[in-house]
Amino acid sequence: MLGQTLREVSAALKQGQITPTELCQKCLSLIKKTKFLNAYITVSEEVALKQAEESEKRYKNGQSLGDLDGIPIAVKDNFSTSGIETTCASNMLKGYVPPYNATVVQKLLDQGALLMGKTNLDEFAMGSGSTDGVFGPVKNPWSYSKQYREKRKQNPHSGSGDSDWLITGGSSGGSAAAVSAFTCYAALGSDTGGSTRNPAAHCGLVGFKPSYGLVSRHGLIPLVNSMDVPGILTRYVDDAAVVLGVLAGHDPKDSTTVPINKPLVLSSLEDVSKLCIGIPKEYLVPELSSEIQSLWSRAADLFESEGAKVIEVSLPHTSYSIVCYHVLCTSEVASNMARFDGLQYGHRCDIDVSTEAMYAATRREGFNDVVRGRILSGNFFLLKENYENYFVKAQKVRRLIANDFVNAFNSGVDVLLTPTTLSEAVPYLEFIKEDNRTRSAQDDIFTQAVNMAGLPAVNIPIALSNQGLPIGLQFIGRAFCDQQLLTVAKWFEKQVQFPVIQLQELVDNCSAILENEKLASVSLKQ
Amino acid sequence: MLARALWLGLRVPLGGPRGFTSKTDPQGSGRITAEVIEHLERLALVDFGSREAVARLEKAIAFADRLRAVDTDGVEPMESVLEDRCLYLRSDNVVEGNCADELLQNSHRVVEEYFVAPPGNIPLPKLDEQEPFPHS
């Protein structure tokens, strides 16, 4: 049941094969069993059960709200949820309970979805590993999969025990781990530089980034206003389409949403011969792992063998996109983080000498090094003497990058095909050897140009690596052609038949571990 | 305030604008003078806290300097990908609000319907006006 698609579960609910409460209980129990993954910051058990009860009533009366009624979902902890703590994994917002729901959250709730909880992330969504939040790092469920463990046993040099667990990627790592471990059917992430697609690639999921302006950002605690979008993480492309259909559309509360209100229907693509796939040559960088390079090549060959036209295109400013992103991101962050002064919400320190002193101390206590570093960098680039040379310059480069994509699409390309990440998920101990900024600069390389141009993009898991870990590829579409993009992605998903993660052993062992822990604590008390 | 005091402790023996340019960083632009540090800390109301943070900023600037290599003559800056569209404006009717109580609940210090702030218009002390860190 937990491994099925959204539509299959929805049908099962309608037919009474399972009730929303039973489904909710299953997911809650799995959340408890997989607590060590640290995917959830807040588990909203009571809320979810109450929602399940209401959903059950609706099903009994034959009045289900739609495909999402009674379906467990999770939401990244930088979306405001009314009455439920929203922290952004930061001390600044610990204990903050928003008085309203983000529009995307409201839309999901209006469709009857069950909110299982708020998921873990990098602090304020800054990072590419989900390792820098105050609630600790998120562990990749694939670290415990049969597929990975078996490959490790074959390697005599590998360490044993839990110390070599893998990162999920970030910054929506908690959402990715939650979906990957079957604790929910879909999760909301956010995507500013690849924060939904990166963990999707590392956790073997569909990670969808909509066109900028298609989905409302009202209630999403902002990082970079001109690039943020809510992202969708699911196990299947169809599921992502169902969720997108609910979320897309103009929101009067977000004036950066465009007045598009077409319903989203994913048709089956049988024939790709009219399709033109573009392969950007600048994305072939030396740091790309040979495994991913080979899979990328095989994917291109697959399209060609099925009749599609596959051509090489050039996005000449690719090598500057990460630098441009760095300047624009830190500048917007410097502005967006200015609202956290301790006065109206969030953490407040005890200093009462002056407003300025109180603000400064509050912000020192509330933000971690990564956030503070970005604020300071951003302020530097925005100084009067630097504004033209850095900020405006980056805005000009942004236009060049966006134009690169426009030119590629104008040459007849429908969809671009690129890698999503440089390699498969790495062990945490390996990842933390470099600092956050360096890692982000490395890991965002294929994903963040898309945010600068505001295009839709999706990660589709393609195969397991030699180590038994997921590898994904990215498809990029034209602006507001999200439906077409997902249609192509769905065709590709069907061709590659990515394997399901085998976690049963873990879940079974886990209950045994929990039992042993309980027994141990009892005997200690005696 | 401890971080600020530690900062002072680091500054006192070195002094001068050379202060915190990381000597081991070959890309150090030398542009992060003490004045710049102070200026940024005031603007951001966030302090560097350590030498590493200054070094990180220098690396970030060196990284950003790569943009100079791009020819942007005649290119207009891009503020938003939706620049070709009009922003939608809602009609000027009040449809929600009246939620003062809910909003006040999130603040730590409230008196009746006011958010309470410490006295304003008191600038942060300049670094050289502060007490030096007591050496133990």
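Heads up, the Cβ atoms here are built off N, Cα and C, so glycines get one too.
The domain 'Amidase' annotation in TrEMBL covers A:25-145 (among others). Residue counts of the domain 'Amidase' (A:25-145) by helix, strand and coil are 46 helix, 19 strand, 56 coil (DSSP-based).
According to TrEMBL, the feature active site, charge relay system maps to A:K76 (among others). Here A:K76 (active site, charge relay system) comes close to A:K118, A:T119, A:L121, A:A125, A:S172, A:G174, A:S175, A:A187, A:L188, A:G189, A:S190: these same-chain residues lie at least six apart in sequence, with C-beta atoms under 8 angstroms from its C-beta.
If you look up TrEMBL, you'll see A:147-166 marked as region 'Disordered'.
Residues or ranges marked as domain 'Amidase' in TrEMBL: A:167-486 (among others). Per-residue pLDDT, averaged over the domain 'Amidase' (A:167-486), rounds to 94.
Sequence annotations record features per position, and here TrEMBL assigns active site, charge relay system to A:S171 (among others). Packing around A:S171 (active site, charge relay system) is summarised by its Cβ count: 37 other Cβ atoms lie within 10 angstroms of its Cβ, all protein chains included.
Other C-beta atoms found within 10 angstroms of the C-beta of A:S195 (active site, acyl-ester intermediate) number 38, with every protein chain shown included. Annotation source TrEMBL lists active site, acyl-ester intermediate at A:S195.
Across the structure, A:S171 (active site, charge relay system) and A:S195 (active site, acyl-ester intermediate) place their CA atoms 5 angstrom apart.
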